[in-house]
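J.: Structure provided below as structure tokens; questions to follow.
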Amino acid sequence: MWPSSRIANLDKSIDDWVLFDLPRIAVLRLGHRPSRDKRITTHVCLVARAFGAEGVFISGVRDESIHSTIQKVMDAWGGDFWVEFVGSPMKVLDKWKASGGVVAHLTMYGIPVKQVKDMIPSDRDLLVIVGGEKVPAQYYEKADFNVAIGNQPHSEVAALAIFLDRMTGGAWEGMPFKNARLRIVPSERGKNVEQY
Ligand SMILES: C[S@@+](CC[C@H](N)C(=O)[O-])C[C@H]1O[C@@H](n2cnc3c(N)ncnc32)[C@H](O)[C@@H]1O
């Protein structure tokens, strides 16, 4: 399983959580178009951050509003997360593989996650690719795994959330977010938010 062993709570204090130096998870979001994808790409970033990835590479049209939205979320809710616009997403893929990482491309045409999950090595850095409109054939060829979250069309946001949940074995639920200004105290009704 992915980072269940990556996280150890040494103390009861959230600032004493230790992230061991175990495999990284990053996301490559292909083909961002500001006019159509602003919310979807922002949601890809939010899901990546919440469910255990360390950052998102975005290809397509550079869009500073994504940076500023994610920065605002981090200012309030904490964590170290990065968003990087890239000119050549294929170079990101090649570099990731050349440095020993594994690449999983999420697509409705792939192998069902249930079948492929245990073949994805959990001791190597993982790059998860999600597409936009049309993903060029080269990504299907170069990815180590083409993974389907069901063989029906839905959304990159949903696909990413389910994939990260499966790959982390749900360990994202215990993940700390350092330097948060706001923290939610879960409550049955209403909103209980602590400020720091
Ligand atoms: C608008 S959808 C396009 C669906 C696309 N024809 C495909 O190959 O999955 C955009 C992205 O959502 C993700 N996606 C949608 N449905 C998926 C599914 N069933 N399994 C995995 N990923 C999916 C893929 O990353 C895809 O590139």
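Using the three backbone atoms N, Cα and C, a Cβ is placed for every residue, glycine included.
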J.: Can you find which of Leu106, Leu182 TrEMBL lists as binding S-adenosyl-L-methionine at the same site as Gly131, Gly132, Glu133, Lys134, Val135, Ile149, Gly150, Asn151, Gln152, Pro153, His154, Ser155, Glu156?
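T.: Answer per TrEMBL: Leu106.
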J.: Could you tell me the maximum Cα-Cα distance in Å between the residues recorded as binding S-adenosyl-L-methionine, namely Leu106, Gly131, Gly132, Glu133, Lys134, Val135, Ile149, Gly150, Asn151, Gln152, Pro153, His154, Ser155, Glu156, rounded to a whole number?
T.: 18
J.: Please list the binding-site residues from Leu106, Lys134, Ile149, Pro153 whose Cβ falls under 6 Å of any atom in ligand 1.
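T.: What lies within reach of ligand 1, judged by Cβ under 6 Å, is Leu106, Ile149, Pro153.
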J.: Taking the Cβ of Ile149 (S-adenosyl-L-methionine binding site) as centre, how many other Cβ atoms lie within 10 Å?
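T.: The Cβ of Ile149 (S-adenosyl-L-methionine binding site) has 22 Cβ neighbours within 10 Å.
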